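Asks: Before I ask anything, let me first share the structure, which is written out below as structure tokens.
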Amino acid sequence: MGDYDEETAFLGQMGPYFWVTFFLLNTVFVSTGFNGLYIIFAGAAPKHSCLIPEINLTEEWRNAIIPFTTVGGEEVQSQCSRYTLAVVKNLSDEGYIPERDVNLTNLSQERCLDGWNYSKDIYQSTIVTEWNLVCDNQWKVPFASSTLFVGYLFGSLISGQLSDRFGRKKVVFMSLGAQSLSVLLQSFSQSWKIFCVMFLFVGASQISIYISAFVLGTELLSKTMRVLFTTLGAFLFYCIGYMTLPWIAYGIRDWRTLLAVLSATSVVYIPLWWFIPESPRWLITQGRVTEAELIVRDAARKNKVQTPSVIFKESEVEEILPGKKYTMLDVLKSSKLRCITLMCLLLWMAINIGYFGLSLNTSNLSGNPFMNCFLSAITEVPAYIVSTCLLRKCPRRTILSTFLIIGGGVLLLIQFIPDTLHYLALALEMIGKFGFTMAFTIVYIYTAEIYPTVLRNVGMGMCSSAARIGSITAPYVIYLGTYNKVLPYILMGSLTIASSVVNLFLPETFNKDLPETVEQMQECQGFCGGSTKRKYFQNGASRKRPVLQKEKSEVQTLSL
């Protein structure tokens, strides 16, 4: 294929066609924002205690039957046990008064054999209250959260192949339909197992939407609009959905109704089928040049520019002989590649554990869970804007380590904040979320710049898999808070600080040409050795190869 950007340069950079396409595609990301984290509310655990059946107990014994236990240095009523009901009933029938006549600490205890009472101050119904996912079954909530991220892993593996085979546009809208149907079916789940299975499909379809729409946008838009789309557009519109979620959940406190409403919102995307075109680049690779030209001519009409009589020259559609196919085995052949890849895998895992850990933890924070979620979401907006500006002017290694230290450092500080200063703890958690969001954005671009063109998709695929493993682990990191509320912060903070040190040993890529071959990557200076001098040759010639601007601007696409 020739240079598509050169062949369509007559369209300009900022015409109405590009702006309309930019906004329509970005609206798709809104659905990924509020469908990705509704488990925060659907899986929330309200305050609860053992259910006491309607038997003949005095008021004193009914109030005293729930024992007190120490949690985080504070005396609270037990949520998972009660004094043995038969013993309490005998004492009540004989007229004994608790504490005055009976020392309660000497009484035997039993599990909540008759179920639980749940507070309805915040939630009318969640999967926790419906299926009693507390105490011995408490592990089922983080497991359910993890199934979403397992779905992300599967969706990441198949969405690229599907869009290459059937087209970007078809996969975007098929995935939107699959997501809507999966969420709707999930709202009718009759058991926790069915809920988890449907969550797997929700995750697979959701990541497929994100990746396919991201690729479609980079292939449809001009160079200028492409940079804006990949750095700010997709992320900010995702944030809009994320910020919308807590307000929808605030108005709908029943988890089944909440999921049904979220599912129904996908209906608004149906008309977009007639306004968002297929990728002309993909059509050309399929030999459908006439269809590609029709789309480009329509774009020219909307931008009010004239089209040449022939848009794509014959050389544009000539078949290119396939080169060597690179696999993960090629990454393992070189000690330097293995070293760099290992450090990148650790970085991606640590960042994803921190990012999703803090996102999922908002319902466990002190204060209003809806406001906490909104604050967590709105914190990401300045992070995306600032990271976009810094990426243009600052070395990647420096800014990534800086924000990893900020994110991890404040998490380690939270454990020293007294319970009475919960607003300060909340502020520190939001600063941590800001740091992780910055790191999350930067690491995508940084890693894509490290790997050579021939291995970039393979390397990013491996890092993406490591990210999924990190996100699958995140719910269990938060689950540690049931044993000690500072454990998640210590683990996430320590892991993040360690990853910031690892990052310092990676090669710097700022203001450097993108490597194309493994040999060029070997010359990058870093912990694993090598020099900073780069010599880029093409076809064995002794002239320096210029890196196309298009290649740099499309790094964001490859990073997915």
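Counting begins at 1 with the first residue displayed.
Cβ atoms are placed via backbone N, Cα and C, with glycine included.
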Asks: Checking feature assignment: transmembrane segment per TrEMBL, candidates 369-391, 438-460. Which range matches?
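Replies: Range annotated as transmembrane segment by TrEMBL: 369-391.
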Asks: Taking the transmembrane segment (337-357) as the reference, which of 17-41, 194-216, 228-249, 369-391, 398-417 gives the largest number of Cβ pairs under 8 angstroms?
Replies: 398-417
Asks: Mind checking which residues of the chain, 6+ beyond the ends of the transmembrane segment (255-276), have their Cβ under 8 Å from one of its Cβ atoms?
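Replies: Answer is 20-21, 24-25, 27-28, 31, 34-35, 38, 41-42, 123, 125-127, 130, 169, 172-173, 176-177, 179-181, 183-184, 186-188, 216, 248-249.
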